[in-house]
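Trainee: Sharing a structure with you now.
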Amino acid sequence: MEFGLLGEAEARSPALSLSDAGTPHPPLPEHGCKGQEHSDSEKASASLPGGSPEDGSLKKKQRRQRTHFTSQQLQELEATFQRNRYPDMSTREEIAVWTNLTEARVRVWFKNRRAKWRKRERSQQAELCKGGFAAPLGGLVPPYEEVYPGYSYGNWPPKALAPPLAAKTFPFAFNSVNVGPLASQPVFSPPSSIAASMVPSAAAAPGTVPGPGALQGLGGAPPGLAPAAVSSGAVSCPYASAAAAAAAAASSPYVYRDPCNSSLASLRLKAKQHASFSYPAVPGPPPAANLSPCQYAVERPV
């Protein structure tokens, strides 16, 4: 009897039936409920005017309206943008108060304005890179052929020994030994070199007598000397030999000359010549007639 009652109870309530382990089985889902849910969602979507749930979700989103700025607002915003392209929060709030706008609108305007400014800068740089700097500078710099017509690059003869510069004439002449006219002269020239530069070339040779034109080039003869004395003095002048030796030494570029030794030698030579050259004695005053300092020659009337 008891087993029969248990079988009837299990048949009436299958959810309360126990398994062999003693755990209750979950109730099986009914297919009729799922179909009912799908039918309810289809009815709801059909009742919407768009006909699909996606259109309904798009309409539920709030669309942002486009802000229309007045000329005064744009002028104020542009002036502030020229002064500061990245305003902070307090500055944006002040601008919003001045322009009667919200801080969010001001922030968005500055963001868009910065993007526009960067785009313009990039386009200008791209134009400069495409055009390059050769076009504006091409009219300023003349071509190479017009600047240097005589120096055609790459057109030299194949067996030419001298470049085109050798055919050009220059106002100054180059020497193979002395490059410059003053290269052979020392920085501190001794008196011998100065005397050699002042003596004419005709007086450099010891056996020649310079003419009157050469003497006039030296400043003329002294006023107390006769022309004959002048002409003879050119040969017997004590400075002629020293000048000739200095000129001969200066004319030879292969002789090493020490400026200190040459100056000392010239000074010694001049001292010897001054010692040999004697001047006439100057006559002194006539001697007194044996008179003491306290005695005076007084003429007495006769």
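Cβ coordinates are placed from backbone N, Cα and C, and glycine is handled just like the others.
The following feature annotations were taken from Swiss-Prot:
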type: DNA_BIND; residues: 62-121; note: DNA-binding region
type: COMPBIAS; residues: 31-43; note: compositional bias 'Basic and acidic residues'
type: MOD_RES; residues: Ser52; note: phosphoserine
type: MOD_RES; residues: Ser57; note: phosphoserine
type: REGION; residues: 1-71; note: region 'Disordered'
type: MOTIF; residues: 262-275; note: motif 'OAR'
type: MOTIF; residues: 268-272; note: motif 'Nuclear localization signal'
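Describe the structural context of each listed feature in the structure shown, including burial, neighbouring residues and relevant distances.
Mentor: Over the motif 'OAR' (262-275), the average per-residue pLDDT in this prediction is 79.
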Trainee: DSSP says what for the motif 'OAR' (262-275): how many helix, strand, coil residues?
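Mentor: Across the motif 'OAR' (262-275), the residues distribute as 14 helix, 0 strand, 0 coil.
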